[in-house]
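This report concerns only the one structure given below.
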Amino acid sequence: MSVMEKVRPKAPAPAREPRVTDEHGRRIRVWELALRYLLLLGVLALTVGPFLWQLSTSLKGPTEDIFSSPPKFLPGEPTLHNYERVSETIPVWDYAFNSLKVATANVVTNCVGAALAGYALARLRYRGRRAATLAFILAMLVPVEGIIIAQFTTMRELGLNNTLVGVVLPGSISALNVLLMRNAFLNLPYEIEEAAYVDGANVWQRFLRIALPSVKGTVAVVAIFAFMGAWDDFLWPLIVLSDPSKFTLTIGLNYLHGTFANDERLVAAGTIIAVAPLIALFACLQRYFFRGVGEGAVKG
Amino acid sequence: MATPTVSRIRRQLPTSPWLFAAPGLLIIGAFILYPFLSTLVNAFTDRRTLIPGEFVGLANFRELLGDDMFWIGLRNSTLYVVGVVPALVILPLLLAMLVQKNIPGITFFRSAFYTPVVASIVVVGLIWVWLLDERGLVNSLLETIGVGRIGFLSDQWLLLLSAMAVTVWKGLGYYMIIYLAALANVPRELHEAAAVDGAGAIRRFVTVTVPAVRSTMVLVGALSSVAAFKVFSEVYLMAGPSGGPAGEDTTLVMLVQRTGTGLTGRVGYASAISVVVFVVTVALMLLVLRADRRDET
Amino acid sequence: MPISRRALAAAFAVCVALPLSACGSGGDGGGTADASGKVEGDITFQTWNLRANFKDYFEGVIADFEKKYPGTKVKWVDQPAEGYADKISADAAGGTLPDVVNVSPDLVAPLAKAGLALDLDKAAGKYKKEYLDGAWASHQVPGTQGTYAFPWYLNTGPLFYNKALFKEAGLDADQPPKTYDEVFDAALKMAKETDGKVATLANVPTIEDFGRYGVELMNKQGNGFSFNDAKGVELLTKYKELYDAKALDPQALTATPESSGKKFLTGAVAMNPGSALDLGNFKKQVPNLYKNIGITDQITSTGHVNMYVMGVMVNAQTKRTPAAVAFAHYVTDAEHQMSFAKQVAIFPSTAGSLDDPYFTKEDGTDETRVRVAAAKSLKNAVNYTPVLFSEQMKTELRNEVAKALQGKESPKEALDNAVKACDTLLQQQG
């Protein structure tokens with residue numbers, strides 16, 4: 001239906017006639033194509049370049065001057081030594097495993113919770129619906145920087161401080177995700193559910209069998225956001241957790257900044273370790289992701 | 001946000017909507033709204049981190065009016081909205097149109113353009129501080145082409161601009177995706193009709209594309225203006241904790257952090273600033289939504 | 001933005017929203033100030049970014065302690081460098097502060113005032129004589145009676161300078177400046193010779209710089225600041241001159257210790273304060289620079305160099321006061337400080353330790369030279385930063401100093417304003 005469908009890896013255009021067309025099947029002129037690629041490459045250099053620079057720094061060996069001017073873009077003798085040192089300094093795997101647990105839990109709770117709440121806001125009729133929607137919108141506007149200690153106090157009263165559950169809970173259903181799901185459900189044609197309704201399907205059946213499968217893409221978007229949020233978070237896990245064996249990767253990598261190990265190469269290796277899983281995850285999910293977007297999931 | 005005014009679906013137990021919404025409401029209630037309630041209360045006290053406060057009425061808000069730093073913060077947060085929002089409403093749209101055409105390798109480009117969104121802001125901050133340093137990559141390049149070195153990180157205005165540039169850089173991919181979705185829904189007949197009429201690319205952009213994605217532009221405007229007003233990390237990471245030269249780059253949320261943080265934090269006063277931030281973002285949201293509604297009718 | 005607003009690792013918790021009752025103020029906690037009971041039970045010990053490099057050392061210390069006092073169990077937690085104050089704030093406010101905590105004087109002050117730090121003059125006064133007088137006093141808080149942490153490791157360091165840059169500017173690379181006046185002269189010359197391309201100083205003056213320059217920072221009663229005196233104005237006026245001549249780096253107004261270190265490494269700045277630790281870093285990170293590094297003594301007008309002090313405090317609300325006090329003392333006693341000092345380039349705060357041959361005998365290497373010189377200067381070093389000088393005050397001072405350097409205010413006005421703002425903050429701290 002959408003453009004995105006066509007984007008998915010599809011057999012390359014017939015080889016005999018290398019003809020490039022746009023989304024409307026119209027042919028694109030050569031100069032226009034060249035200009036497009038030029039622009040694309042320009043933006044590519046801007047968006048990805050900085051990360052490659054960081055990657056390059058992380059691969060530079062201990063004898064290489066990393067502050068040289070003019071800068072050297074490629075490591076003279078690429079080495080994984082810095083990554084080894086990171087894993088010697090901190091238990092990367094344990095921390096990464098904790099992060100994975102937290103991020104996975106966050107994905108599950110956000111997908112489920114946001115889908116349910118989003119459906120309630122978009123499709124169900126009841127008194128207080130406006131108030132509920134308003135609650136989510138206000139929650140999105142609260143400056144989170146200001147409430148972290150109060151969150152900690154609440155967590156301690158629940159006896160959940162120093163647990164991974166405590167790390168997940170406050171962000172487990174984020175208001176923004178609920179509103180994204182609400183918009184996705186709002187954009188579904190009513191007719192689909194109408195038919196099921198006539199067939200006698202109850203609200204759960206309509207939600208599970210009809211509405212939810214139609215917004216798979218938005219669920220993928222929510223999943224990525226939830227994973228990213230939990231994976232990147234630093235301050236909240238730091239405050240909630242006391243026991244180093246429960247630390248997440250972001251906290252762990254922060255040890256690399258410390259007074260006693262201030263090495264730019266190590267820090268660079270650390271950032272690459274932190275970013276790589278996200279990029280990998282995104283690369284795996286991007287198919288669904290872009291398709292989800294094609295649903296008009298986040299459309300106003 | 002258009003709500004289809006089709007029929008209503010009524011086969012449901014009276015309790016089921018609440019069952020659906022309950023987990024979400026519970027979580028944001030307990031961990032966002034309830035804690036924010038105590039911020040509201042604290043704003044009227046002189047509470048400090050380790051010392052319980054007393055009710056002081058409007059004293060904190062009165063103090064705000066005479067606090068130079070508060071006005072600097074308000075100015076910078078407002079400037080941030082003014083500077084960042086137009087860029088984030090327009091540039092991602094152009095980018096979306098650039099990657100919309102189904103040419104070979106386009107999937108790769110789309111994903112690559114999204115990487116800055118995926119990377120954490122701290123990583124992004126570290127990278128850019130180093131790139132924009134007086135001796136960094138950008139300045140080396142500028143010197144090579146004869147422009148000379150520019151003190152991106154030492155001048156108060158250039159610093160603010162650099163932070164805005166990073167915000168835009170990181171946001172491009174995110175809003176590009178939203179626009180891609182919207183563009184996908186523009187009926188191709190519209191474009192074809194315009195093309196038949198002999199409209200050029202720019203005309204088609206103005207007469208077909210923009211009206212078709214207008215509601216998305218409003219959404220992007222709303223999301224980005226709220227985020228821009230609450231900006232913290234970009235400026236904090238680039239201008240430093242004290243907010244640039246003489247604190248001239250301090251934003252409101254940075255001021256909340258600075259006054260309220262640590263063992264000697266003035267929780268009451270910082271709460272008052274938090275409340276101001278909240279009120280302004282609510283107002284921004286209402287403004288955008290109202291503009292949207294007026295456009296539709 | 002799609003990122004969670006909390007996904008911001010730079011430390012920035014705000015303790016904005018505690019229910020009014022949940023505040024931990026001392027007195028009614030479970031603990032007792034009596035440390036004379038039997039040393040037993042489980043305690044938690046929190047350090048500040050030490051696990052990554054000294055895991056084995058601390059596990060050894062803990063095992064020895066547990067062996068010495070059967071029936072004790074020490075749980076060790078280590079926190080990363082960033083966000084430490086936020087972590088402690090949350091724990092202090094939430095009542096989850098560990099029993100024994102690694103602190104710095106500025107962290108101790110508010111905790112002591114809130115009654116959360118145990119007064120060691122009362123609970124452990126008998127150990128006082130084991131430590132250097134200056135070090136023991138560094139955890140006393142004006143306005144309260146008592147001493148609130150055992151002194152732990154100390155650090156100080158020389159001034160590094162880039163010999164190559166000195167030579168290029170026609171300065172004598174073997175005769176580095178020794179006084180403030182010489183530093184200022186060298187800096188102005190450097191700026192002139194290089195057309196403002198190379199600065200000599202990378203940082204604006206901080207409170208400790210004023211102290212080292214001989215400015216009285218606080219009044220005698222400890223209830224008001226006084227760094228706006230003639231001496232203070234003199235220093236700031238001098239810095240203004242340097243700034244105008246680009247002898248003070250133009251980016252200094254926004255510099256952090258990390259960024260100025262980097263500037264020194266890239267040769268954009270000719271001098272940088274540091275410590276013995278940095279030598280190893282230089283060797284590793286910028287081998288080209290290492291051979292050009294000159295080392296000179298920290299500049300001071302008072303005859304006392306500046307030192308940084310770390311402490312170990314005992315939570316006043318601990319349920320295991322005897323064990324907590326015993327452990328805090330154990331970690332900081334002469335034997336353990338000495339063995340820790342040999343692991344890393346820091347200095348013990350225990351009396352007599354600095355006379356150990358390790359700190360007095362040179363063997364010709366730069367490392368030892370720096371170490372011996374630092375140890376010698378530490379015997380009468382001062383922690384200039386007043387314990388009551390909070391983060392908020394540092395920012396006030398920094399911003400006013402910046403205004404003076406930019407010429408928006410005269411040095412006198414700027415310092416007057418800073419003193420006024422800091423006095424207000426001091427009163428608000430209660």
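Our numbering is plain: 1 for the first residue shown, then up by one each step along the chain.
Glycine too: its Cβ is placed from the backbone N, Cα and C atoms.
TrEMBL annotations: computationally assigned, not manually curated.
Feature annotation from TrEMBL assigns domain 'ABC transmembrane type-1' to B:74-288.
Per TrEMBL, transmembrane segment is recorded for B:18-37 (among others).
Tertiary proximity for the transmembrane segment (B:79-99) is limited to same-chain residues at least six positions away from its ends with a CB under 8 Å from its CB atoms, namely 106, 109-110, 113, 160-161, 163-164, 167-168, 171-180, 183, 205, 209, 213, 217, 220-221, 224-225, 228-229, 231, 235, 251, 284. What TrEMBL lists as transmembrane segment is B:79-99 (among others).
Within its own chain, the transmembrane segment (B:111-131) is flanked in space by residues 95, 99, 137-138, 153, 162, 166, 169-174, 176-177, 233-234, 236-238, which lie at least six positions past its ends and keep a Cβ under 8 Å from the stretch. Taken from TrEMBL, the feature transmembrane segment covers B:111-131 (among others).
Annotation source TrEMBL lists transmembrane segment at B:157-184 (among others).
Summarising the annotation, TrEMBL assigns transmembrane segment to B:205-229 (among others).
Tertiary proximity for the transmembrane segment (B:267-289) is limited to same-chain residues at least six positions away from its ends with a CB under 8 Å from its CB atoms, namely 36, 39-40, 42-49, 53, 56, 60-61, 63-64, 70, 73-74, 77, 81, 218, 221-222, 225-226, 229-230, 252-253, 255-257, 259-261. Residues or ranges marked as transmembrane segment in TrEMBL: B:267-289 (among others).
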Outside the transmembrane segment (B:157-184), six or more residues from its ends: residues with CB under 8 Å to it: 76, 79-80, 83-84, 87-89, 91-93, 95-97, 99-100, 110, 113-117, 119, 121, 124-125, 128, 132, 150-151, 209, 212-213, 215-216, 219-220, 224, 227-228, 231, 234-235, 238-239, 244-245, 249
